[in-house]
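Q: If you look up TrEMBL, you'll see GLY121, GLU122, SER123, GLY124, ALA125, GLY126, LYS127, THR128 marked as ATP binding site. The domain 'Myosin motor' annotation in TrEMBL covers 28-712. The domain 'TH1' annotation in TrEMBL covers 866-1006. Residues annotated as region 'Actin-binding' in TrEMBL: 589-611.
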Amino acid sequence: MRYRASALGSDGVRVTMESALTARDRVGVQDFVLLENFTSEAAFIENLRRRFRENLIYTYIGPVLVSVNPYRDLQIYSRQHMERYRGVSFYEVPPHLFAVADTVYRALRTERRDQAVMISGESGAGKTEATKRLLQFYAETCPAPERGGAVRDRLLQSNPVLEAFGNAKTLRNDNSSRFGKYMDVQFDFKGAPVGGHILSYLLEKSRVVHQNHGERNFHVFYQLLEGGEEETLRRLGLERNPQSYLYLVKGQCAKVSSINDKSDWKVVRKALTVIDFTEDEVEDLLSIVASVLHLGNIHFAADEESNAQVTTENQLKYLTRLLSVEGSTLREALTHRKIIAKGEELLSPLNLEQAAYARDALAKAVYSRTFTWLVGKINRSLASKDAESPSWRSTTVLGLLDIYGFEVFQHNSFEQFCINYCNEKLQQLFIELTLKSEQEEYEAEGIAWEPVQYFNNKIICDLVEEKFKGIISILDEECLRPGEATDLTFLEKLEDTVKHHPHFLTHKLADQRTRKSLGRGEFRLLHYAGEVTYSVTGFLDKNNDLLFRNLKETMCSSKNPIMSQCFDRSELSDKKRPETVATQFKMSLLQLVEILQSKEPAYVRCIKPNDAKQPGRFDEVLIRHQVKYLGLMENLRVRRAGFAYRRKYEAFLQRYKSLCPETWPTWAGRPQDGVAVLVRHLGYKPEEYKMGRTKIFIRFPKTLFATEDALEVRRQSLATKIQAAWRGFHWRQKFLRVKRSAICIQSWWRGTLGRRKATKRKWAAQTIRRLIRGFILRHAPRCPENAFFLDHVRTSFLLNLRRQLPRNVLDTSWPTPPPALREASELLRELCIKNMVWKYCRSISPEWKQQLQQKAVASEIFKGKKDNYPQSVPRLFISTRLGADEISSRVLQALGSEPIQYAVPVVKYDRKGYKPRSRQLLLTPNAVVIVEDAKVKQRIDYANLTGISVSSLSDSLCLCRCGDIITFAGGPGRDGTIDFTPGSELLITKAKNGHLAVVAPRLNSR
């Protein structure tokens, strides 16, 4: 199954991980064994490059994991990633450090055999980080021990303490381990961590007194100065400025942007508490750290006899207090050397150079022995507390080896010689164990073993460690022999002893051409990883690592509890000369090899992509060098000497069974028989594969890739079928669920409706029954039997009244009330009318009110008396029927200041023959004025006007009375008679009898 997962790095980088062989065309191959051109170093590096560009930093060489340091956080170490690799087969998931961790852990639990993970690579390749990630994986995924998580916490917290005291900033790495570390983690039968043990190798104690330009001393010095409390620094006599201390300024690199010493100090202080340090022990430890800084500030001056004298009394006082020694004794030990000759003790004064050497030797001894004590203290904290119980014997051990990688500098000294010798031994072990595991697997599977051609570096290891003839033996002999032994005499003895060795060369032994690259004080070894030139300067001193006797005596007298453990008084009485550094390292290395040989190994090879520590930069020259000295090509050739791919029958059949109709979808027989049927169907040639007892071996990657390609094509068709089947199944299941749900809902809803209907019917029956009973007794006094009916009638009337209330004051409709509510109905009607009138009155304007008042007056006069009155009701009264421009200005002058209140055009019938004459009728406050054109024809004061008459017809005729005389249309004169008769149309004319005949239509019948 192909699996792709994405995560976002801290700088926005998209991280992609693949888990299928078919991804090889885009990101190379995830196992170098599957490289077609496996003998080509260029193809090897190109595969690394392609994967590195895609942020795929892990690649396999069989079971070996190759890791390239990305120099950034790729977010691939979360709890989710741990769970993904937990309990999964090694090749089922993409290459990852967690895959190695889980495989080792499962082998440890199931096979009950001790395991070891060997992490190697040069400084800055990520070894320390890999070790921490492994410990993190086990701490997070392993079951918790019965006595809690204290052991897990101590395992994790031991790292920052060891890094503070054993790591430093170098040119190649800001957190370089300056010692080798092997950690054993004990697991009980349940798989829970219950204890641990740490071995340290060859601490670079020369760094205490000297650092190259651009490098720093050990982290703890800077962390203490930067993060220590003011009171602590005052008690230790320290200043925060690192430039104040000689041992911290030689590298001229006290501050590093990528290192936060203050926060790191907080982590270290917390870790010391976790790993069972008491406050007194912490104080004693810090006193020793401070004493090393004060030692570096001890200065000497020469007296008259050129003997060294201490000139920095203040520093000496601090040293005396911090180391808890006598001041005079310490002063004498720093400026004199005690010599025992013929049983007598003599004090020999030291010159300035010798005093400086003694001071530096003491600083190195104090720090290195304190580091050894610190490792022992951590081991006591990690030791299993159940060692006496029977179950302790059933524990298994998982070892983690974080060892320095092969080092080649411009100037290589004793330390690089020891480190590269260590790498030679581990490479020898690596090849032997790899060949051994290959050979054992072939023998177990019944396949003939084919000898593998490879470079055996045993010849180089013998050159270094062989008794009497090896470089270490010659170095020890030169250190121990009487007489004046120097570094050059050691080189001369080397030339005499091993001059015929093909892997050894000096200036004297080299040809003319090679001598130009070799100094007279140098020798060159041809390691498996390439040539390295070593300078013999300092070899004897560093190998002897002598500390003057009186300095030892002074330290043995220290009352500092840690110092008293570091400098045992038994050393003073021991007549035996201590072993040299090289011999001690050789013996510890042989012990380490024995430990590793007793365990099942797993390998992590770390590669540094560039020296600038830049993410995304791939330095091919640097990587080619590392590939060479890590022996990766040798490992690949050994792995590919036989078969490129091997897999158990069950796993192979499970993966590829879909390619054969006989094995798909299931195979009922033995897996081995199923695989045989499958490979015959695929057309494998006999030389392309072998059938073992439990595994199939495939010789060529192209055979596997062809099978993978066929599987990818097959998967497409299978995926389509599976998708179709799944969709059908899925939708059918969904349909059935919906159907069941619908039936359930329908059943429930029908029941609910039925219950509601029954309840409603019951209520209706009860209501009807109560209404009938109440109707029968409706005329009886109110009682329980008719109360409901009476209330219903009243409620119905009121609800009906609410719906049929009059809409306006003219609406006289009103529902007929029941007998019991007649009085209430009248009151409600009265209230309703009053309310409507009140609302209406509040809503009318003053103008409209005036109109209504005039209409009321007109109604009193004409209603029922004038035939055309009903037609005049809708028409509004107006203030005048003549505009100001229709009245002559001469008339207005004649009226003077008398205002015109109303003006209307009229027709006057004159006295002679009743001829009609057009006139204007003007009403002023005092009189009626009749105007003809621009002339006032007649003025009648209101005082002289006795009445106004109109007929009952619709003739619009008006008669004004002045006394007993009727003026026709306002005209005075002789008496006349008017005859009013109804007709079809209005007609006013003189009749034959001399009367004025008025014929008017009747608009309304009476």
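Counting starts with 1 at the first residue shown.
Placed from the backbone N, Cα and C atoms, the Cβ positions cover glycine too.
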Q: Within 8 Å of the centroid of the Cβ atoms of GLY121, GLU122, SER123, GLY124, ALA125, GLY126, LYS127, THR128, which other residues of that chain place their own Cβ, given that this set defines the recorded ATP site?
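A: So the extra residues in range turn out to be ASN69, ASN173, SER176, GLY405, CYS606, LYS608.
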Q: Which one is it: of the binding-site residues SER123, THR128, which Cβ has the fewest other Cβ atoms within 10 Å in this structure?
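A: Selected from the binding-site residues SER123, THR128 on minimum Cβ neighbours within 10 Å: SER123.
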Q: Using DSSP, tally how many residues of the region 'Actin-binding' (589-611) sit in helix, strand and coil.
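A: So the counts come to 9 helix, 8 strand, 6 coil.
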Q: What is the number of other Cβ atoms found within 10 Å of the Cβ of ALA125 (ATP binding site)?
A: 24
Q: Are there any residues in the same chain, six or more apart in sequence, whose C-beta is under 8 angstroms from the C-beta of GLY126 (ATP binding site), and if so which?
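A: Correct list: SER67, ASN69, CYS606, LYS608.
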Q: How does the model score the domain 'Myosin motor' (28-712) in terms of mean pLDDT?
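A: Averaged over the domain 'Myosin motor' (28-712), per-residue pLDDT gives 86.
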Q: Using a Cβ cut-off under 8 Å and a sequence separation of 6 or more, which residues in the same chain sit near LYS127 (ATP binding site)?
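A: Result: ILE119, SER120, GLY121, SER177, ASP402, ILE403, GLY405, CYS606.
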Q: Within its own chain, what residues at least 6 apart in sequence put their Cβ under 8 Å from the Cβ of GLU122 (ATP binding site), listed in sequence order?
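A: Correct list: ARG172, TYR404, GLY405, PHE406, GLU407, CYS606, LYS608, GLN626, TYR629.
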Q: Including all protein chains displayed, how many Cβ atoms other than that of GLY121 (ATP binding site) lie within 10 Å of its Cβ?
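A: 26, counting other Cβ atoms within 10 Å of GLY121 (ATP binding site).
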Q: Over the span of the domain 'TH1' (866-1006), count residues by DSSP class, listing helix, strand and coil in order.
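A: Taking the domain 'TH1' (866-1006) as a whole: 14 helix, 59 strand, 68 coil.
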Q: Among all the protein chains here, how many other CB atoms are within 10 A of the CB of GLY124 (ATP binding site)?
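A: There are 24 such Cβ atoms around GLY124 (ATP binding site).
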